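**Q** Structure below; questions to follow.
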Amino acid sequence: MKRLLGFSASTIFVAIINLCSLMILTRLFSPGDYGKANLLISYAVIVSTIISFAVDQVLIHYFYKVNLKSVLINFCKYSFLIVAIIAIILFFIKPVLSFSNLDLILLVLYSVALVINKIFLTLFRMKNDFRNYFIQACFSKIAELALIVALLFSLSESYFILLLPFAISVSLISLFQSRSAYKIINHTTEQHSISLHEQISFSLPLLFSILLTTVTQNIDKITLSHFVSDEKMGVYYTSFKLIGLISIVYTVISLVWVPKAVKISSQETQQDSSFYLASESFLQIICCIIIILYLTFKDLIMMLLGNEFMNSSDLIDILIIIPVVMVISEVYSTYITVNKRTKCHLVIAIMILVINSVCSFTFSMVWGVEGAAYSMFLTYLAIYTLRLYYYQKISSYSLFRFQNITGYMILVILFSHSFIHNRYITIAATLIIFIILSINFKDKSKFFFKSILD
């Protein structure tokens with residue numbers, strides 16, 4: 001319980017900081033500057049995925065199996081080379097991307113900072129060290145916001161002020177946290193070291209899978225930037241920032257549930273299948289709560305953004321599917337990973353990239369920002385379907401299960417709401433599903449919470 005509350009508090013605190021940042025930044029920056037800065041961040045997220053080479057997934061999978069120092073030494077051997085190659089490639093293609101030298105420098109710095117932050121957070125998360133996780137996650141956000149405000153009043157308003165502070169804040173906090181991270185790495189009980197070849201062999205399929213997923217998550221923004229102005233891009237990115245705040249529920253679940261699921265699966269007990277089945281029902285209940293709370297407080301959230309960003313309201317009604325799918329399909333994704341079917345992730349990622357690329361280009365060209373939003377809706381519907389398909393294929397479960405039906409009913413409700421925008425009908429329909437799921441979960445609840453809190 002202490003661990004659960006600690007990680008939850010960290011995530012909620014970060015969400016509060018992000019909400020405050022969003023309210024401040026949407027008033028201090030124009031949609032144009034906000035859109036341009038976030039477009040660079042989209043590129044940085046893709047670049048950081050390549051640089052990281054799925055090292056966080058390696059740390060998670062081998063945390064209880066090998067000496068962690070060997071994992072990070074191997075990572076250092078190839079990560080510096082990857083950074084150098086990417087920097088050279090970006091330098092030669094920057095005219096195609098319409099990047100300046102400043103854009104290129106900011107992009108590389110931001111990408112490296114993302115990787116460093118990911119490694120530190122993964123170490124603290126897997127060690128269940130919520131205090132240092134809190135420091136890493138929260139203090140870097142506070143420092144970033146403080147630096148943005150300080151630079152804004154020292155210099156003129158510019159998009160680069162939204163990027164540089166993140167790299168500085170993460171570097172400073174990580175330096176401060178390095179001793180705690182070193183203790184985790186150095187005090188591992190496992191003496192077996194993972195070879196460079198073994199680590200790369202495990203990482204490579206995951207890298208392609210994660211990279212394809214990351215490109216899928218950002219291709220709509222990159223494509224949309226060719227059809228709409230920076231101002232509309234700013235509104236679109238604001239919608240995603242709000243969706244990110246709603247996604248704190250997914251982050252909390254990932255922090256607490258995934259390590260427990262990995263541990264239960266590694267023990268190969270009879271609890272394994274029962275735990276995943278109970279988790280399905282529980283996560284669908286959480287999704288119903290997300291939808292109801294979002295619709296209840298939506299107007300208040302939109303009011304806090306400022307008049308220039310009010311147009312993001314209808315977009316969020318479409319994009320709300322993102323955190324919902326990420327939550328309810330986390331069971332399927334984790335089950336595929338712990339059963340070492342990483343190639344399934346790769347197949348899913350390739351199919352999703354094709355679907356999203358075609359939909360993003362077609363819909364963005366015809367309907368602009370709303371088209372891009374609906375392309376993401378269809379993309380996440382496909383993600384849910386494919387993850388569920390492979391989950392059932394590996395586990396040999398029946399296609400017409402209770403959780404399958406309720407899962408798709410939730411998505412149908414969201415699709416209907418994206419057109420009618422009637423919160424009362426949507427809340428009523430979601431509440432019915434919530435009651436049905438709660439009745440079904442009642443008999444499993446004691447076992448589920450005991451497994452999580454054990």
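Cβ coordinates come from backbone N, Cα and C, glycine included.
Worth saying up front: this structure is predicted, and the values here are computed from it rather than measured.
In case it's useful when we look at the structure, here is the feature table from TrEMBL:
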| type | residues | note |
| --- | --- | --- |
| TRANSMEM | 7-29 | transmembrane segment |
| TRANSMEM | 41-64 | transmembrane segment |
| TRANSMEM | 71-93 | transmembrane segment |
| TRANSMEM | 99-121 | transmembrane segment |
| TRANSMEM | 239-262 | transmembrane segment |
| TRANSMEM | 274-295 | transmembrane segment |
| TRANSMEM | 315-332 | transmembrane segment |
| TRANSMEM | 344-366 | transmembrane segment |
| TRANSMEM | 372-390 | transmembrane segment |
| TRANSMEM | 402-418 | transmembrane segment |
| TRANSMEM | 424-441 | transmembrane segment |
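What's the neighbourhood like for these features in this structure?
**A** Only residues 6 or more beyond the boundaries of the transmembrane segment (7-29), in the same chain, are considered here, and those with a CB under 8 A from a CB of the stretch are 37, 125, 130, 133-134, 137-138, 141-142, 144-145, 148-149, 152, 157, 159, 162, 238, 241-242, 244-245, 248, 251-252, 255-256, 304-306, 308-309.
Using a Cβ-Cβ cut-off under 8 Å and counting only residues 6 or more beyond its ends in the same chain, the transmembrane segment (71-93) has close neighbours at 47, 50-53, 55, 58-59, 62, 99, 104, 107-108, 111-112, 115, 119, 185, 194-196, 199-200.
Same-chain neighbours of the transmembrane segment (99-121): 40-41, 43-45, 47-48, 51-52, 55-56, 59, 72, 79, 83, 86-87, 90-91, 133, 136-137, 140, 160, 163-164, 166-167, 170-171, 174, 177, 181, counting only residues six or more beyond its ends whose CB sits under 8 Å from a CB of the stretch.
Beyond its flanks by at least six residues, the transmembrane segment (239-262) meets 3-4, 7-8, 11-12, 14-15, 18-19, 22, 60-61, 125-126, 128, 133, 221, 275-276, 279, 283, 286, 290, 294, 301, 312, 315-316, 319-320, 322-323, 326-327, 330-331, 334-335, 338, 373, 451-452 of its own chain at Cβ-Cβ distances under 8 Å.
Long-range contacts of the transmembrane segment (315-332) within the same chain, counting only residues at least 6 positions beyond its ends with a Cβ under 8 Å from a Cβ of the stretch, are 235-236, 239-240, 242-243, 246-247, 249-250, 253-254, 257-258, 261, 276, 279-280, 283-284, 286-287, 290-291, 294, 298, 369-370, 373-374, 376-377, 380-381, 383-384, 387-388, 390-391, 407, 410-411, 414-415, 417-418, 421.
Listed as Cβ neighbours of the transmembrane segment (372-390) (distance under 8 Å, sequence separation of 6 or more from its ends, same chain) are residues 216, 220-221, 223-224, 236, 239, 315, 318-319, 321-322, 325-326, 328-329, 332-333, 336, 341, 344, 347-348, 351-352, 355-356, 359-360, 362-364, 404, 407, 411, 414-415, 418.
When Cβ-Cβ distances below 8 Å are used as the criterion, the transmembrane segment (402-418) is approached by residues 277, 280-281, 284, 287-288, 291, 317-318, 320-321, 324-325, 328, 374, 377, 381, 384, 388, 425-426, 429-430, 433, 436-437, 440 of the same chain, each at least six residues removed from its ends.
Beyond the transmembrane segment (424-441), the same-chain residues lying 6 or more positions past its ends with a Cβ under 8 Å from any Cβ of the stretch are 278, 281-282, 284-285, 288-289, 291-292, 295-296, 402, 406, 409-410, 413-414, 416-417, 448.
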